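Down below is the structure, laid out as C-alpha cells.
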C-alpha cells in the first residue's frame, strides 16, 4: 500500500496546480489511474494510448538493437578490422560484442537526446497549457534515433527535435491534432538545414567524417567510404552487397532502417496486434512495386539508356527497392501513423499506394537525395485529409441519393 | 428478398452474472420517483403539487412544449416531494404508494374497430405515448408527425441483457393489441426483429414484418436494425418502442388500466444470485438488490440499464422509466501497477497488444468500472469501424459533433443515430472519449438549431 497511497496523496496535493500534468505523467507511468467511467459506458476496454504506443515501441526494439550491432559492424568493416559476413543472418562477424559496444555507446546518446529533449518540451507545454502529457512522443522519440545517420552531431539533433516537437506537433494542439508526422518533420528539418550531415558517402558509417578530416589535414590513413546503396545507384556506382545482405540489413544507412527482415517482423507484429494498419502497409508495398516495375519496363523498352543519369536507379530490379534505403521502415512505422495518415479504410488504400508510388518516383528522379520515402510520406500526410474528404463524400452522396429516391 | 439481418461488425461483451430464468415478486416499494431526466428534451410542467393524491395512471406532469404528452404516475398514492436541482429544475417527483392500489380507468378500446385518431388520443391521455420514441434525435415521438415505419427490437444483444423471449412469455394478447394499434398510426410497416434462434412471442403476431437478426452486439440495437432495413432520411421520422413497453400499452388498450408492472433482470458480477424480478417502473432499487444480491456497503456500482448505456443510480436510487435491467458491477476506483504495459488476461480488448481476450472468445469476464487509462485526443483510426455496423463513418461524425458543424452532422447521418449506437465504439476507444455524450450533445444542438 505504501507507494500507491503516498503517490495518491501527492496527486491530491498537486491537483489543480501547474505541476499536476508533470506529476500525473510520472504517476500514470507507474500506476494506471483510479479513474472510473462516468456518464457513458460503465466498462472500458483494457487498452489505452500508453499500451498502444508501447506496442509500437516493442516492434521497434529489434531494429534498435540491430542498429547497434550494425553501427559497429560497418565501422570495423570499413576500417578493415573484420571480414564481411559470410554466414547468413546469424554470422559471428556481425553478432559480436565488439560491434555492439561501439554501436551501443554511439546510439544510446541519440536515444537519450531524443527522449530528453522531446519529452522535456512535452512536459513544458503540458504544464504551460494545463493539459496532460500525451503519449505520442513515446513512439516519435524512439523513431528519431533510428532514422538519422550514426554520426549526427548532438546539437543538431537537439535543435531538430525541438523544432519538430514544437512546430510539428505542439502548435497544432499536441498528439492527435498534428498534420505532419513529427518524426519525419524532425528528419526533414535535419535534411534541409544540414544536408551535408544527412546525405553523401561520409555520414553513414561511424568515423568516416572524422577520418576524412584527418586525411584533409595531412594524415595518410585510408579514407572510409560508407555510401548507401541508394547513393551508389544514384551515381551508377557498382554495388558490392548481395540481395541477402540488403534483406538482412548488413548495409550502411540510417541507424535502424537497414534490416528489412526485422522491419518485416515488426510490421507483422503490428498487424497481428491490430495496432498498425495492414491496409497502408500492403498498399504502400504495392505502390512501390508498381512504380518500380514501370521504371523497369521503361528501361527494358530501351527508352532510357545507360547514358542517362537515372539509369542506375531505374534499372534496379523493382522489388529491390523494398529492401534498400528506408522504404520498408517508412512503410511499416511512419506511413501507418494513425494521426497523420488517412483515417478511413478506403482512404488508407489510396494513401498507402500513393506513398509507395511517389517514394520510388522521388528516389529515381532526385539523385541528389535518393531517399524518397520521407518526402513521399510528408506529402501524403498533407493530402490525407483530402483523400478522406472524398471517401466520406461517397458516403454522404449515397445518403442524399437514398433520400431523393424516397421523395421522388 | 430475405428479411433476415446478419451483421459481422460488432463485439459481444461477455460478462459474469447473467440472470437465471426465475422470476421473483419484488418487495413492494414504498416510494416511487419519476425522473424527468429519463425523458430527454422534456421540460416538465406539473399538473399536481406536493401533497396531492393521484391514482395509478393519472397524469402528474406534461411536457412544457407539448401539452398533449402526459406523464402518469406508476402507482396510486401521494406526491410527497418535488425534488429540484439548480435553477429550480425538477429532478424527481416522489410518490408514496398507497397500500391499496387504485387505477385511473381509461376504458377498453377495441383496437380493430377504432381509427388512428382515437388510438392516438388514448395513448397520449394515458401516458402510454411516452413509450414511443422517434428518430431523428432519440426523443419521445412528436404526436403531430406520422412515422414512415415503426421498429421494435425483440432481441437485446447488449451485455447481460434481459432475455426478451423469457420476459414476454404469455403476453401475446397485449403485444398483439399494441401492435395493431401502432400499425394504424403509420403509413408504413411495423418492423419487428427477433433473434435468429429465438421463440419469441413477437414472432407469431399479425400485422408485422418479421426480421431475424444474428451476429454480435449491436445487432439487437434498434438503431442497427433501422439502418439495415429502412434508414432514416432527412425529413423522415421513424418510431421505436421497447417490446416490454408494448405490453403496458397493450394492457391499457385491453383493460383501460395503466399497469406499470415490468419484469426486470438483476444482473452483474457483484450479484450473488442474478435473476428476474416482477416490479414496477420507478421503484426503489433497494427492494431488489440486497436479497441474495450485493453486499451492504459494498463498493459496487448500481446501474439502471445495461453496462454500456445505463444510468448509475446508487443503492437509494430508482428504476429508470425505460429500464428492464439492473446491472451491478464492482467499482474500479483503484490504481493498477504498470497497468499500461503488463500482459492482460482478465479484461476484454479488441486489440492483441499484450491483451489476450482474443484467445478465449467464450470466456465471461468480471469487468469493473475502471477507465483503464486516461482521456486523450482521438488518435487511433479504423478500430471503431470494426464494431460499428451502421453505414456511417463513426470517427468523422463524432468529430463533426465536436466542432458543431450542423451541415456536416446532417450529411454524415445524424438523423439516423442515437447515443446507444455509439456505446461499443466508446467501450473500445483507447482515447477514452465519451462518444455517447458527444452524440447526445450533437443531437441536442440539432434539435435546438433545426428542430
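Each residue, glycine too, has its Cβ placed from N, Cα and C.
TrEMBL entries are annotated by machine, without manual review.
What TrEMBL says about this one:
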| type | residues | note |
| --- | --- | --- |
| TRANSMEM | A:52-69 | transmembrane segment |
| TRANSMEM | A:107-126 | transmembrane segment |
| TRANSMEM | A:146-167 | transmembrane segment |
| TRANSMEM | A:179-197 | transmembrane segment |
| MOD_RES | A:228 | FMN phosphoryl threonine |
| TRANSMEM | A:246-273 | transmembrane segment |
| TRANSMEM | A:280-298 | transmembrane segment |
| TRANSMEM | A:318-336 | transmembrane segment |
| TRANSMEM | A:348-366 | transmembrane segment |
| TRANSMEM | A:372-392 | transmembrane segment |
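Here the transmembrane segment (A:146-167) does not touch the transmembrane segment (A:348-366). Their Cβ atoms form fewer than 3 pairs under 8 Å, with each pair 6 or more residues apart. It is A:348-366 that, among the stretches A:107-126, A:318-336, A:348-366, forms the most Cβ pairs under 8 Å with the transmembrane segment (A:280-298).
Long-range contacts of the transmembrane segment (A:318-336) within the same chain: residues 56, 59-60, 63, 143, 146-147, 181, 183-184, 228-230, 233, 243, 246-247, 251, 253-254, 256-257, 260, 263-264, 266-267, 270, 276-277, 280-281, 284-285, 288-289, 291-293, 295-296, 351-352, 355-356, 359-360, 363, 370-371, 373-374, 376-377, 380, each at least 6 residues beyond the stretch ends and with a Cβ under 8 Å from a Cβ of the stretch. Around residue A:228 (FMN phosphoryl threonine), the same-chain residues six or more apart in sequence whose CB sits under 8 Å from its CB are A:201, A:204, A:251, A:252, A:253, A:324, A:325, listed in sequence order.
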